[in-house]
């Protein structure tokens, strides 16, 4: 019997890239390849890269170099794959380079290096209907579209992943159903722009379980909300149509959680970023959302040190944060990106030391807000999904916490717990980012 061909896989970048990796791995497994966790056991290594900012590109190039040094046979795919000349300039020995979403080309490149076994592999029959997943069994990412129709001046995603292409809602719901049947208890909806879902299809009617459903965020959320699992929305653009899903959150159909990357608050900076400059309306909208759904958790990300940002702009942002009282916030110092429109706008660069100072002040400011908001949860009861268990106890997340990016809930329980368990707890303590609780 011939040796089963083996593939090593390195997946970098955001959850969208994770889903791409899962799709490639599933196809390779269906064709009889064995996925191995070490360089030395792999016949070929695939590196799924990130090319969003320069530091991500550097990390991708380092990962490619490590794979070449440890194995020698390397195929590169993902967002940085659109910059093949740069990759080959640094690593001329890579065997093939493909861009994001080019699943077939990646698999074909693997075929060229190590052909699939012509003998039937009985393990192929064990590939689960939901495919190979890189996340724990109890949660999974559900990608509803590719690409983005915006042209934010700091971003090159449209040039890497193209314009918005929405998946038909029936396909998305079928995948979600397979995940739920496989035991997934939390579905994280992701895309480049979740609130624009279906725009490119003109919200076309599709069919799900024999019923017509519009390819639109509201209808998607309504149907996902019937599946009996946590549904969490990520990468939501602050459009007015976001208002439509808040009642679903208030009714407990989907999690009261919105991930909205506001990026800044100063109208001048937002205009330079080519983002919606309606900060006053945004504050009013946040207030309205919380009136409808008091439990709503809002996560966001911001950029400080964008070219042209003044101290006045930055102070405006801090004041806006005080007013907005966001729950979960991340912040990045602006990083120049080759090919991003911001690099050609002739705006005054912000010196690195000022970027660092503003980042430090931003984080301290938001940390105080986060600590105060979490302190309000002490004494309250929450449902917690357990992610991991060690000798010190269990660690989980509430509806207010997305995996890997938000805080955690440290759970004290007299009964043994397992990852994927959902338990009711009472919060006993809080710090700036995390909670401590006991099972009730």
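Yeah, the Cβs are placed from backbone N, Cα and C, and that goes for glycine too.
A quick note: this is a predicted structure, and the numbers were derived from the prediction, not measured.
Feature annotations, reproduced from Swiss-Prot:
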{"type": "DOMAIN", "residues": "5-115", "note": "domain 'MTTase N-terminal'"}
{"type": "BINDING", "residues": "14, 50, 79", "note": "[4Fe-4S] cluster 1 binding site"}
{"type": "DOMAIN", "residues": "134-372", "note": "domain 'Radical SAM core'"}
{"type": "BINDING", "residues": "148, 152, 155", "note": "[4Fe-4S] cluster 2 binding site"}
{"type": "DOMAIN", "residues": "375-440", "note": "domain 'TRAM'"}
(message) At 10 angstroms around each C-beta, which of the binding-site residues 50, 148, 152, 155 has the fewest other C-beta atoms nearby?
(response) 152
(request) Counting other Cβ atoms within 10 Å, pick out the least crowded of the binding-site residues 14, 79. (result) 14
(request) Determine, to the nearest whole angstrom, how far the Cα atom of residue 148 ([4Fe-4S] cluster 2 binding site) is from the Cα atom of residue 50 ([4Fe-4S] cluster 1 binding site). (result) 16
(request) Could you check which of these binding-site residues, 14, 50, 79, sit within 10 Å of residue 155 ([4Fe-4S] cluster 2 binding site), going Cα to Cα? (result) none
(message) Looking only at the domain 'TRAM' (375-440), how are its residues distributed among DSSP helix, strand and coil?
(response) 1 helix, 33 strand, 32 coil
